[in-house]
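A.B. asks: Okay, handing you the structure first.
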């Protein structure tokens, strides 16, 4: 269990580092190298005979490579799309839902027919496709390397302040967003981790795989629908879609223990998947709105890094509650609280962001008025000095 848990944590934990490399070297190089590292990690995992080496080959090497390949795929979209950025993110992220639905069945067939190690080698084909796809990333926004040394000049390491762009945290609306989302995620992933065990304890002879299928299908549909809807919502008001997704997912999590019929649980999973797709597909468009295209890479990286903490801590706490109480009911009730709190925190962002934009507009106006006042004062002084001189001239 630690092998898969550590690998998920590494994907998000590496995100701040990935964002720095993306700013320094561009999306293409980071994505290609990340896919290559992931390919090496997955291929080497297929040759180990004990579980201990998997902590390095799979949990660290493969997961780190996936992290380096994943984040540039979010950043590069904003270089090409502005008006339809939400829809494009929905289409791109819907691909993961497609594989969430189909890959478990494919993996089951492969493992039963050719064993685990050969299955890992087959999956290396997907990593090789990812490696080739990375070469298509052609950034339109210049990276730090181009800014500092020029395209033909030698690369000069920029100052540390530019390498780690902590200036994004000076933006109050981003700061609220970067801490509000991790707050919500303390309970967000609890149903996804523990739902199958809860179903096995409460229901007899039911196809629990149907629940994952429902979540995967509606998550893909939600990414397409809400990605398109986000394009019609101006500016930082897109955050209200994430607020709605957190509120609904929190409520659905609290409803899981109340479902005594399997059909009701299927309905809950359909709604959860729909709003999970909403939360994921508008992550990048919101980041572009809050900090702009130049700083979006590290803004997303810092956010994903902060997300790794609650994603790792939340599900084990829920499992501990189940061990103490003998049931998942309290764990699901409590898991619904953090998304509600996180959603309430995010409600303030559009108001804060508008105030920031107003201040930025007022600053240059104030500068112009002070310059005009200084010009008026100088003209008054020159007039008063010129008048006595003219009187003297006329007197002489």
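Here the Cβ of each residue, glycine as well, is placed from N, Cα and C on the backbone.
Pulled the feature table from TrEMBL, pasting it below:
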- 6-25: transmembrane segment (TRANSMEM)
- 30-49: transmembrane segment (TRANSMEM)
- 55-78: transmembrane segment (TRANSMEM)
- 85-107: transmembrane segment (TRANSMEM)
- 119-137: transmembrane segment (TRANSMEM)
- 171-190: transmembrane segment (TRANSMEM)
- 210-227: transmembrane segment (TRANSMEM)
- 239-258: transmembrane segment (TRANSMEM)
- 264-288: transmembrane segment (TRANSMEM)
- 300-318: transmembrane segment (TRANSMEM)
- 330-352: transmembrane segment (TRANSMEM)
- 366-396: region 'Disordered' (REGION)
- 366-375: compositional bias 'Basic and acidic residues' (COMPBIAS)
- 384-396: compositional bias 'Basic and acidic residues' (COMPBIAS)
A.B. asks: Short question: which residues 6 or more past the ends of the transmembrane segment (264-288) have a Cβ under 8 Å from it?
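C.D. replies: That would be 74-75, 77-78, 85-86, 89-90, 93-94, 97, 174, 177, 191, 195, 199, 210-211, 214-227, 230, 236, 238-239, 241-242, 244-246, 248-249, 252-253, 255-256, 258, 296, 299-300, 303.
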A.B. asks: Looking at the transmembrane segment (6-25) and the transmembrane segment (300-318), are there 3+ C-beta pairs under 8 A, with each pair at least 6 apart in sequence?
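C.D. replies: Yes, since the transmembrane segment (6-25) and the transmembrane segment (300-318) share at least 3 Cβ pairs closer than 8 Å, they count as touching.
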A.B. asks: Rank 171-190, 210-227, 300-318 by Cβ pairs under 8 Å to the transmembrane segment (330-352) and hand me the top one.
C.D. replies: 171-190
A.B. asks: Between the stretches 55-78, 119-137, 171-190, 300-318, which wins on the count of C-beta pairs under 8 angstroms to the transmembrane segment (30-49)?
C.D. replies: 55-78
A.B. asks: The transmembrane segment (119-137) vs the transmembrane segment (55-78): three or more C-beta pairs under 8 Å (separation of 6 or more)?
C.D. replies: yes
A.B. asks: Under an 8 Å Cβ to Cβ limit, what residues of the same chain, 6 or more beyond the ends of the transmembrane segment (85-107), are close to it?
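C.D. replies: Sequence-remote neighbours of the transmembrane segment (85-107) are 73-74, 77-78, 119, 209, 212-213, 215-217, 219-220, 223-231, 238, 277, 280-285, 288.
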